[in-house]
């Protein structure tokens, strides 16, 4: 794979690594190896991740993606990554390498459900810290990706979600009958498609759905070669662990499988894996050549992408030759070399934040001895296997509703339907964010998420009936399928079911909180319904007060309950957190009003549906109060009440009046004001607690319009 002038890969970002043989340890014949000129940024990303890991999760127990000899994993696998994107991608690589055993083992710890409500025992604390820390780091990663390039970041996030949903269903102990079956499994297990999406993000490449379908069969041999090479180089350390653990009966490694399939010893099986890996490598080269000579002859974009993808193959092999992850006896020497390289970077004038933190730590808290591992010298002994997919666990499972004695299919049918519809997951993310400060055990967090989801679903079912709304999240509203009466019955049951869930929190004060906030919520809803039915336009302050009662009620309910049952009492934060909940509720509703007028949202819920429902939204209230003599606008709204809705031309006329009144800009300004309050509140809470909250920051970023 020599460089061709027909491609637009930026060769100034990396250099060819010269070698004396046409292959690399028997692999990669015909492949060119390159190393990124900005490798210090790759090391910076890894170092920053390790710093965050120690802060949010705990001591580092394993080696990551750095290699002082052949180069950082990201520097040799992604030699054409834009320099400004290399650090965050290598942060993600480092997280994936660190995650496998540390958080996995912590997640298997059993929570002591008999502990009191004042403090966590050690096992529970370590588990909660791992779960919270993982969410913090993942949120920080996503936030940085989104802030750099939101459209391509969304592609990465969607790939992440797909990987989670796919790998969660995979049986790690399954038996494989042949190589093809195993390769299909291993491609997903290693997270190769996800790494591919990270490469695209790094280069700023975006493929259409049609282009994605065209390249999938072309790149499959590349994915296969990457996974099998990983098996080859990681086998020795995995084999040692396998023999030491008597309870294991199988290995997810191609070398092991060839030992079983063909009755080979380990060395013979490794040679077989090398043979088939080389076959996949050469197949990928042929695929690229055939594409460039045939259907893709004029498609420089896809040729560039396929060429860049191919550089992962030699980069992965070269990195594997002496990476301490696969060769634990090299840990000490590698740590020393990386320490020297880091100091040289500082002396050369490159002083990013993480390197400064490294210098501070190396002068105080840690050294390079075995007794006190630095960022670089974590143990290499545990699970050397590289599996990006395992680093991103499946989403939390919701607590199911207890079946009724006489059968619950009619009672829960509407509830199950509304629960199956797409959801933004805002309230669940809000709980995760608050828990960074409150540190509730995971079973309590899941209980609160179940309360939030159940209560929200009940609210949606009743709201759609009261608003005469035919759509919910782009699908028919619940009452349009099950009928009004059955939907009301199901929603009412959910309110009772929530009371049972609150009771299970084992704190009587939580039931008081539930009743208080439910009363507030129903009062707020009563005003909304009254204004709509009687055509009485509220003032802006009245409307915002209604939002605080209604929309903010659920946020406030969750906040107060979390503070109440927090293992470390945080009563001093209750006022600040309640204020954050109120402002977030205001922003959420004003944002919803605004998005109801945009094409993106109306595709889900119906074009300007608020006008059909005769609801007074924030922009409409501004227009009516700022232009009290606008008889045309008032006439159209009266027509909506009489006719039960408006046709599209009349809705467009209303939008025109809103624009003329400056109501759209006024709403945007209000959202900006509320977002500033939210941000200030978060910064204040971070200062008060001493804990940065990347989960909340990511939530805020995703809510911005």
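Backbone N, Cα and C atoms are what each Cβ position is placed from, and that goes for glycine too.
As annotated by Swiss-Prot, Mg(2+) 2 binding site applies to 100, with the evidence given as similarity to another entry.
Positions annotated as Mg(2+) 4 binding site by Swiss-Prot, on the basis of similarity to another entry: 463, 467. DSSP classifies residue 467 (Mg(2+) 4 binding site) as coil under the three-state reduction. All protein chains considered, the CB of residue 467 (Mg(2+) 4 binding site) has 18 other CB atoms within 10 Å.
Annotation comment: Swiss-Prot describes 9-331 as region 'Terpene cyclase'.
Residues annotated as region 'Prenyltransferase' in Swiss-Prot, with a curator's inference given as evidence: 332-705.
Marked as region 'Disordered' by Swiss-Prot: 349-374.
Annotated motif 'NSE/DTE' per Swiss-Prot: 230-238, in sequence order, evidence recorded as a curator's inference. Across all of the motif 'NSE/DTE' (230-238), the predicted model scores a mean pLDDT of 95.
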Count up the helix, strand and coil residues in the motif 'NSE/DTE' (230-238) according to DSSP, in that order. 9 helix, 0 strand, 0 coil
